[in-house]
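Student: Structure below; questions to follow.
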Amino acid sequence: MARSLYEWLWQHEFWLPPGITWEDMQESEDTHYPQPRDLLLSIPFALILVVIRCAFERAIALPLSAKLGVRDKQRPKAQPNPMLETFYSTRRKNPEESELLSLAKQCDLPVRKVEKWFRRRRNMDRPSLSKKFSEACWRFTFYIISFFTGLAVLYDKPWFWDHRECWTGYPKQPLQSSLFWYYMLELSFYWSLVFTLPFDVKRKDFKEQIVHHAATIFLISFSYCANYIRIGTLVMVIHDASDCFLEPTKIFNYMKWKKTCDSLFMIFSAVFLISRLVIYPYTVLYNTYYYSMEIFQPFFGYYFVNVLLIILQLLHVFWSCLIIHMVYKFILQGTMEKDMRSDTEESDKDEERDKIREKEKNGITYFSNVTSNGYIQRNGSQPLDNGSHLANGHAKER
């Protein structure tokens, strides 16, 4: 059964244009074509990248964050409570109002304290600022290396300048070693992001990120197997262009360099919108959908790769809407609002409000006790005697 499935999966009708079979793609000493088994190398390479990332964050990024003044916010810890901890671990992290009332009765605590416990407990699980800084440093380093590697690999390739060249001689386009290693670098990186997804900073577009990584891995893998190498390299270098500006924007935001952060954000927005909404549709979508038809008739691989490319474009539109909204706010307010994808500490305002209430309560109690005793003491001065009283804020003798 496994053999039948294997033979069905690798039918040349799925992967190659009409009239081309796998026999036509046989390698020789001088000619090499992409082989599906090559993709297995991306798994160990991804694990190597994970190890390199851990070493980079510990040895470089974390010490750098301390030198640049990135300080983790001191978060109040939730008091140990086995019952609430069990509910938090097994049921949900953000209980509803009815559940808060029930837990308050079981723990013999006020509802406000139970609510505060859950807020603090959620904050304990949120990533620290230094972790966000380290993650941004790693991604920035990789995107810079990847982007300039892509430019170096593609600069002398004809399809980089004339997009119709992507289909000249397709699918019998020999695989060059530089393109192979560029593909392995990109595919390994996205596999490493999947491996570290449970440990990375989770943002509000977490589900979209999963879809993006899955679509990217499928697209890179399928384009390699079907020898869409040339169009695949264009997709990768276009994506890396804007990411080179996104990560340093985050870094300067964590450093609280407001003006630098705002300037980089505007540059990133321009590069992202132009590369993803203008260059990508013309260079990739139009190229794949129309120019390829000049060489061969549509087949399964043609439709499948176009579907994956359109999924990426839909994600581009989704993120572009967020970016345009942030740019709009920036123009109106003169400052960039927080990244809407970030999962901020929801309880900051609540904690501050509670502290203010406690201070006000303590201040009222102190003032009540002082005035009831018939004296007020200021700045270390002597208390007023019993013959004094207050009138319009001034101490007067009776």
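Just so you know, glycine gets a Cβ as well, placed from its N, Cα and C.
From a predicted model like this one, the values you see are computed outputs, not experimental measurements.
So TrEMBL lists these for the protein:
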DNA_BIND  86-129  DNA-binding region
COMPBIAS  341-362  compositional bias 'Basic and acidic residues'
COMPBIAS  365-385  compositional bias 'Polar residues'
DOMAIN    84-128  domain 'Homeobox'
DOMAIN    131-332  domain 'TLC'
REGION    341-398  region 'Disordered'
TRANSMEM  39-56  transmembrane segment
TRANSMEM  136-155  transmembrane segment
TRANSMEM  180-199  transmembrane segment
TRANSMEM  264-283  transmembrane segment
TRANSMEM  303-328  transmembrane segment
Student: With the transmembrane segment (180-199) as the reference, find which of 39-56, 136-155, 303-328 contributes the most Cβ pairs under 8 Å.
Tutor: 39-56
Student: Taking DSSP states H, G and I as helix and E and B as strand, how many residues of the DNA-binding region (86-129) are helix, strand and coil?
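Tutor: Residue counts in helix, strand and coil order: 32 helix, 0 strand, 12 coil.
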Student: What mean pLDDT score does the DNA-binding region (86-129) have in the model?
Tutor: 80
